[in-house]
Amino acid sequence: MKVILASASERRQELLSRLIKTFDVIVSNFDESKVIFEGSIDRYVKDIALGKAMNIKNKLDEDAIIISADTVVTIDNMILGKPRDEEDAFNIIKSLQGRKHLVYSGVVVINTAKNLTIQESLSTEVTFSEISDDEILEYIKTGEPLDKAGAYGIQGIGGIFVEEIRGCYYNVVGLPLNKLKFMLKEIQ
């Protein structure tokens, strides 16, 4: 059966290729602003991932396995999205430096042939070291933080700020592979 990744993220595409050799990418145009955060970050990321997957399911005219995910960075139970601009990136990174924060991913797998849907979420604790303002500004100049939740990419230059990680590394990148592997086995 065809496998579809409902994501434009090159990071998710690269990660999924470690589990599945052949899959299609169909970018979901689900409006994430329709999902209202009501206090549970687990529920929030699962609801967005479900919205993305259902958006693709409703367009298909053949059976498929659909995979979608959403990842957010949180500190003090506040969601840190992608920065609006360089100043916002600076403020986000500054708020993370020297502190622990949590990265949550919601993952949804749909088997349209069986009309089955599995939703899971995972959190990973990340601790940043102390970072000088100059280091933050140099990092922002690379452009890397501008399209990432929490304004950093652990798999890129932003990884140098990480002092400690507790949990799934791939969750922080955007697709928790171990969790997804078991979800795919369960839904077959």
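Placed from the backbone N, Cα and C atoms, the Cβ positions cover glycine too.
If you look up Swiss-Prot, you'll see Arg11, Thr71, Gln155 marked as site 'Important for substrate specificity'. The active site, proton acceptor feature in Swiss-Prot is assigned to Asp70.
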Reduced DSSP assignment, Thr71 (site 'Important for substrate specificity'): strand
Closest of Arg11, Asp70, Thr71 to Gln155 (site 'Important for substrate specificity'), Cα positions, recorded positions only: Arg11
Site of maximum Cβ density within 10 Å, from recorded sites Thr71, Gln155: Thr71
Cα-Cα distance linking Thr71 (site 'Important for substrate specificity') and Arg11 (site 'Important for substrate specificity'), given in Å to the nearest integer: 12
Other C-beta atoms that fall within 10 angstroms of the C-beta of Arg11 (site 'Important for substrate specificity'): 17
